[in-house]
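**Q** Straight from TrEMBL, here's the annotation block:
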DOMAIN    1-58  domain 'Fibronectin type-III'
DOMAIN    64-159  domain 'Fibronectin type-III'
DOMAIN    163-252  domain 'Ig-like'
DOMAIN    259-353  domain 'Fibronectin type-III'
DOMAIN    359-454  domain 'Fibronectin type-III'
DOMAIN    460-557  domain 'Fibronectin type-III'
DOMAIN    561-646  domain 'Ig-like'
DOMAIN    657-751  domain 'Fibronectin type-III'
DOMAIN    757-817  domain 'Fibronectin type-III'
Amino acid sequence: RESDRRAWTPVTCTVTRQNATIQGLTEGKAYFFRIAAENIIGMGPFTETTKEIFIKDPITVPDRPEDLEVKAVTKNSVTLTWNPPKYNGGSDITMYVLESRLIGKEKFHRVTKDKLLDRKYTVEGLKEGDTYEYRVSACNIVGQGKPSFCTKPITCKDEIAPPSLDLDFRDKLIVRVGEAFSLTGRYSGKPAPKVTWLKDDNVVKEDDRTKIKTTPTTLCLGILKSVREDSGKYCVTVENSTGSRKGFCQVNVVDRPSPPVGPVIFDEVYKDHMVVSWKPPLDDGGSEITNYIIEKKDAHKDVWMPVTSATVKTTCKIPKLLEGREYQIRIYAENLYGISDPLISDEMKAKDRFRVPDAPEQPVIKNVTKDSAVVVWNKPYDGGKPITNYIVEKKETMATRWVKVTKDPIFPSTQFKVPDLLEGCEYEFRVSAENEIGIGDPSPPSKPVFARDPIAKPSPPVNPEAVDKTKNSVDLSWQPPRHDGNGKIIGYLVEYQKVGDEEWKKANLSADSCPETKYKVTGLTEGLTYKFRVRAVNAAGESEPAYVPDPVEVKDRLEPPELILDANMAREQHVKAGDTLRLSAVIKGVPFPKVTWKKEDHEVSPKADIEVTGVGSKLEIRNTVHEDGGIYSLTVENPAGSKTVSVKVVVLDKPGPPRNLQISEVRSDSCYLTWMEPEDDGGSVITNYVVERKDVASAQWVAISSSSKKRSHIAKYLIEGTQYLFRVAAENQFGRGPYVETLKPIKAIDPLHPPGPPKNLHHVDVDKTEVSLAWNRPDRDGGAEITGYLVEYQEDGADEWTKFQTVPMLDCVVTGL
């Protein structure tokens, strides 16, 4: 039952255990409870709680605090916040315990002994660079609850955040003069940014009208009673160590314009109207001029009459004037913000005041060429009406009639290029001006000019150098100028200066004495050193000098001889007999060497033409013969040395005659010829021999061989008993040489041999002083009739045989024994 009620309410009657859970109680109310035991007989007496029981949750330690966050970090402090636990354990939170642990250590240490009830705390006195983690616990009447989850490791260092900028103004702002305006915004950043205001790149400074207010999060620039000079491009810069942000605003402080700029110009004046013009205001008030208001006033009246208020041009026609009256004009400028003060003109009388233009001054002639010239003149007084055209005329100096140079109008230019002039003719020019009234008088004639291309002085000669020298002269050479000034180069002036002197002396008195690009300076002193320079000259005058780079010492130059051989001076030179032999070489050396030609160390044949020039030498032999061949030598010599070259010359000709022609083995129908090769093969290989024969009774030679390469030949098919002559000639690629001929005829007969020995020699009779002998004919007669027998005797024991006599028959009587 509730403590404030009397009635009991049954809770359950089915409990068999010694405990029960009572549901449906109201929190905060007090209750009494009673219990009775029951069996099958019945219910026993109740037992009641001695005192009332208040219904409330049991008290425990709080849950862990939530959302522990790091709000700020510096190099020596950390600021933390957290939220209370979801459940306080049934009792109010009495305080919080904040703990920290240095990374690398094991234990957490309480941060402060103070009683923490705020859920925000800044831990100070930390060491820069150290890293910590934090946790927080809640305490109630029961005790300290579980700690919160740890923060991430936090390193003590100044927190960095780039600047941010949020502006309350747009890119452009228009303000009326006298009004105030302000530029505001918010910003942030770590470390705290520096705020700077600029106007047109200049720092804005505070004064009576300019106020700058900056808080840690807001910024403001205010200007009171703005003036036109406050217009410009404003810039606010928010900057810290991590970067910067900028904001811009183009402020335009607008006002009515300043007055138009005078004076008022009366462009045209007539008896009934005028045309005036002026310049726009210097200051348009920051807004475009929408129109000008023009008024006129008779100078003798006080009333201004409107002319127009709808023109945006800076010129206006003033109509409805009375001839002879004087008028003033006043002009206002207007924009969106008001009307300017007026510009008032001088007085001007309304009357016609125009005539034809004045005559221009004498024209000037420029840029004359062979067929054109540019005429230049100054604009004359226009007679009150604008000039619409210029008339340019020309005439030859000796002529009387002026001719227009063009039919086309010439305006507004005050110069004209006159074409189609005749080269070499002298011309004068004049100019007239024309307006709507008519053509004015012509100018005085220009100075006469000849139609020809202008001539300027030439540029200096190019690359002057000393190319040779002797003991009293120096040879100079150069190249023509790059630019001749459009005039023919007449010649060159050469000057020299002794080193140490100031005076330059002329080597030639006039340019036409040196038309070529070389000159020999003579009359110099041996052993001295000179400088040289050259000028080019045309009809316009002398060029600037070109200098020989280095001073030159005057002395004979010694250079040893040098031979540059032509192709015909190769090691061996072949020339065909009858052709011309040419040997040549380029010769160098200072002084020029002495030249000597020799053949086989002897003087060259008188038929040779020898030519020596300043640059080389040439030897020439016409109609060469074989004897002209040999070794030719060319020697060049000067005091600095000598040089010799040789060339073998081969004159290619027909070979000489064969040598030592011999006839042997003569038979009745053949014989054998042999010979030796010619002493001279004509410079070419013997290709073959020609062999011919001739009957002594005939005048005709007959070839018996024309292709033999051997030095022998068998002459066949001879007629027995006939006498023959033979001859042989050698041939090479250049022809057939002379013949060698047998000295005496050869008879075609078989050769003769001694007969064989007589046969069967025996004695027929013997006496005391003589012996009769007989014999038979020999077996062979040797090829000819036996003409006799030679009889000889020998005394027994002697060595010598003694001739007795030759007998024609086959017997003989030897007497005188």
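Positions of Cβ are set from backbone N, Cα and C atoms, glycine also.
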**Q** For the domain 'Ig-like' (561-646), which recorded stretch in the set 1-58, 64-159, 259-353, 657-751, 757-817 gives the largest number of Cβ pairs separated by under 8 Å?
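**A** Per the Cβ under 8 Å count, 657-751.
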**Q** Pull the DSSP breakdown for the domain 'Fibronectin type-III' (1-58) and write it out as helix, strand, coil residue counts.
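**A** The breakdown for the domain 'Fibronectin type-III' (1-58) reads 0 helix, 16 strand, 42 coil.
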**Q** For the domain 'Ig-like' (163-252), give the DSSP counts of helix residues, strand residues and coil residues.
**A** 3 helix, 58 strand, 29 coil
**Q** By DSSP assignment, list the helix, strand and coil residue numbers for the domain 'Fibronectin type-III' (757-817), in that order.
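**A** Output for the domain 'Fibronectin type-III' (757-817) reads 0 helix, 29 strand, 32 coil.
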